[in-house]
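S.K.: Before anything else, here's the structure in question.
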């Protein structure tokens, strides 16, 4: 029982990080029908820039305290990631908006690679230990079930961010413009919506969320490196598909469900396969779920769009 | 061959026959030229030929049938691991080449069908992500199947693979002729690989214009219309996956024999993207284009490595871009720039079997030019 509860908590933590990244995929897909393959790498860029800013802050103002240092790191890395997102859209994807359907995807793969290469040039291929500014000492909830303060912060702040995004999309003028653009960006433009601006904004918001998620992932595991974005990116994409791609609530739900399945699965796989599989097969769950969803329910849990519309 | 000849700018129009001989001579003499620079360059050529085979196979799936497969390297892995299982001390099996290579091809084809079945209904970008997931799953298995029974030997990989022995003739040994003349094994490997490449090219060329190839083109251009004219989408897509995988499997087997060592590291996502970059760079759907793409993209990073590294240390006093980063940079730029500037690739496919929308306006005129192109 404790194991199950523990895995559920781990799943919620991981899931809320997936959900944040999945939102970026789903927003871009909703508007452009493009899988922004490089989204996971924006996460990596965010984490590494935050790392750089934090170590700068620690050197310059050693007495700043943990939370302001972290805030400074975020304050640098979020705008930087937003800039990356904007440049990506402006320089690469905008020109290909009317190209045949494989072209933007192949470009996205190229952009993803380019970001990784750029990160390797700047930061090398080393694994950096990420300063864990929020305590990682486990707190005991009940007997044998632990949660760390950083995990609590992750769950709460991603919940708040998701709430904020939902409000932005559903209650504001910008949100209405976004929904209109997602419906049909040409017609939205005819109605006076600055469609290009909205599309760029979508990339920027998605990248900001990715940067936050990047800092969360790096703080949670205490590691940052130049290829750390690939696997979370793929899993977040799975989460987006699982929830129904193009659907914000779906991405959040998908992220949480995927996180839960993954950690519960990893916790029990050894037991159920009689020791043949162990938790190093954890990454397989996401891909198997992705395949299964696309085959049996391509619209996802909450989706409206048809998968092969792409 | 004709297509390769057409790349030589001047001779092609004036003396097409001569151009063809030049290409032929270059292909045959390339390793001899390379060995005068150093054996390392022959090695690069050998690998380039393996990449050519991979690119030909992936082109069959992506270029002919329009199915974007991003886990293609998994089939290469299946071929290489089959070689490692059946011809190495790992299981103590040392089966001959004539069994191992076909077995690798067959297993790869089977893997292709296994991948193909679930993704039949998917198109475009979804297909890409699921195949990518498939590639990762294969890699996870390779990494972890050393427990509880040791099958793949985990991340350490399997070494001491048997070398290529054809007709009792070991390719990896130096051939001695007389007293002081010997042929470097890397050269022999080059010609052996070349035979495989030529065979593949012939096969794929015939395949492209066959009933199957034309059906693939129809599926690629519009699968709904293809279905409407009575093409069996399921069988043909599976066939594309299986046949593409076969080339990957054969190349993988040769890779295992050539390298003498396999480990999961050689089959990362990055390799899949490398092969994809080659196909895209050269021109999806065009065999000559794909060959050139593979040759250029496997040669360019190495050339950069040998010139850029000394140059960097001379200029900055240290190496800023290491070879691996250079390679990634070249491939990333190849993907992005090609899609922006020349989406049909270096040598666009002939219009008759290609996607008109990629060629854009040029489609109409090239249609006239290349009437009976093949």
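Here, residue 1 is simply the first one shown, and the rest follow in order.
Cβ from N, Cα, C; glycine included.
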S.K.: Choose the correct range: of B:238-261, B:310-333, which one does TrEMBL annotate as transmembrane segment? Give that range.
M.R.: B:238-261
S.K.: Need the matching range: TrEMBL marks transmembrane segment on one of B:186-204, B:205-223, B:338-356, and I'd like to know which.
M.R.: B:186-204
S.K.: Are there at least 3 C-beta pairs under 8 angstroms linking the transmembrane segment (B:238-261) and the transmembrane segment (B:73-91), leaving out pairs fewer than 6 apart in sequence?
M.R.: yes
S.K.: List, by number or range, the same-chain residues at least 6 past the transmembrane segment (B:186-204) whose CB is under 8 A from its CB atoms?
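M.R.: Tertiary neighbours of the transmembrane segment (B:186-204) are 27, 30-32, 35, 39, 42-43, 45-46, 49-50, 52-53, 56-57, 59-60, 164, 166, 171-172, 175, 247, 250-251, 254, 258, 287, 291.
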S.K.: Applying the under-8 angstroms CB criterion, which one of B:48-68, B:97-119, B:273-300 scores highest with the transmembrane segment (B:238-261)?
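M.R.: Result: B:97-119.
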S.K.: Could you give the residue numbers and ranges of same-chain residues that sit at least 6 residues beyond the transmembrane segment (B:97-119) on either side and whose C-beta is under 8 angstroms from one of its C-beta atoms?
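M.R.: Distant Cβ neighbours of the transmembrane segment (B:97-119) are 71, 74-76, 78-80, 82-83, 86-87, 127, 130-131, 134, 138, 164-166, 237-238, 240-246, 248-250, 252-254, 257.
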